[in-house]
Amino acid sequence: MEKLRRVLSGQDDEEQGLTAQVLDASSLSFNTRLKWFVICFVAGIFFSFLGTGLLWLPNGMKLFAVFYTLGNLAALASTCFLMGPVKQLKKMFETTRLLATIIMLLCLVFTLCAALWWRKKGLALLFCILQFLSMTWYSLSYIPYARDAVLKCCSSLLG
């Protein structure tokens with residue numbers, strides 16, 4: 001219907017940018033986006049808990065690192081369904097969350113490197129902890145004044 005309105009009003013598809021055309025062609029209904037958000041988010045939680053359970057098995061560090069990272073990636077992908085991938089990427093790299101985004105993405109990569117290539121269990125566990133903390137800090141950036149509240153709580157506890 002929107003395309004018909006654009007054609008009737010004199011706006012051609014040629015006037016739209018390529019990105020807008022691709023996003024228009026691949027847009028999902030709100031119900032579909034909500035369903036996929038829930039599916040990805042639940043899968044992310046499942047993979048994270050599965051990875052945590054595998055940590056206690058003999059030689060389970062590799063599986064822990066892989067599944068925990070996969071869980072975080074699925075949780076991150078879930079928000080792409082709510083706001084769209086382009087908008088999500090733009091928000092991720094805004095100045096308010098740029099540092100948290102970079103640290104989070106580096107920790108995802110370093111967790112896998114430490115577990116799979118470097119074979120350093122302690123380092124993989126450290127990167128998983130940093131991954132959790134950076135993902136939490138990144139998520140708090142979407143809630144107004146949440147970071148300030150956390151900083152005030154931590155500073156009052158420490159001194």
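Any Cβ shown, glycine's included, is placed from N, Cα and C.
What Swiss-Prot lists as phosphoserine is Ser9, and the listing cites a large-scale study or a structure entry.
For 1-36 (among others), the entry in Swiss-Prot reads topological domain 'Cytoplasmic'. Computed over the topological domain 'Cytoplasmic' (1-36), the whole-number mean pLDDT of the model equals 62.
Nonlocal intrachain contacts for the topological domain 'Lumenal' (58-62), taken as residues 6+ away from its ends with a CB within less than 8 angstroms of a stretch CB, comprise 115-116, 121, 124-125. Feature annotation from Swiss-Prot assigns topological domain 'Lumenal' to 58-62 (among others); the stated evidence is sequence analysis.
Look at Swiss-Prot and you will find 84-97 (among others) tagged as topological domain 'Cytoplasmic', backed by sequence analysis.
The topological domain 'Lumenal' annotation in Swiss-Prot covers 119-122 (among others), and the record cites sequence analysis as its basis. Among residues of the same chain six or more beyond the topological domain 'Lumenal' (119-122), those with a C-beta under 8 A of the stretch's C-beta atoms are 61.
If you look up Swiss-Prot, you'll see 144-159 (among others) marked as topological domain 'Cytoplasmic'. Broken down with DSSP, the topological domain 'Cytoplasmic' (144-159) shows 13 helix, 0 strand, 3 coil.
Per Swiss-Prot, the feature transmembrane segment maps to 37-57 (among others).
If you look at the transmembrane segment (63-83), the same-chain residues 6 or more away from its ends with a CB under 8 A from one of its CBs are 28, 33-34, 36-41, 43-52, 54-55, 57, 91, 108, 111-112, 114-116, 124, 127-128, 131, 135. Residues or ranges marked as transmembrane segment in Swiss-Prot: 63-83 (among others).
Here the transmembrane segment (98-118) has Cβ contacts under 8 Å with residues 61-62, 64-66, 68-69, 72-73, 92, 124, 126-128, 130-131, 134-135, 137-138, 141 of the same chain, all six or more residues outside its ends. According to Swiss-Prot, the transmembrane segment annotation covers 98-118 (among others), on the basis of sequence analysis.
Taken from Swiss-Prot, the feature transmembrane segment covers 123-143 (among others).
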**Report entry** Residues of the topological domain 'Lumenal' (58-62) by DSSP state, where helix covers H, G and I
**Finding:** 2 helix, 0 strand, 3 coil
Report summary line: In DSSP terms, the topological domain 'Cytoplasmic' (84-97) comprises 8 helix, 0 strand, 6 coil
Query raised in the report: Who are the long-range neighbours of the topological domain 'Cytoplasmic' (144-159) in its own chain, taking Cβ under 8 Å and residues 6 or more past its ends?
Result: 137
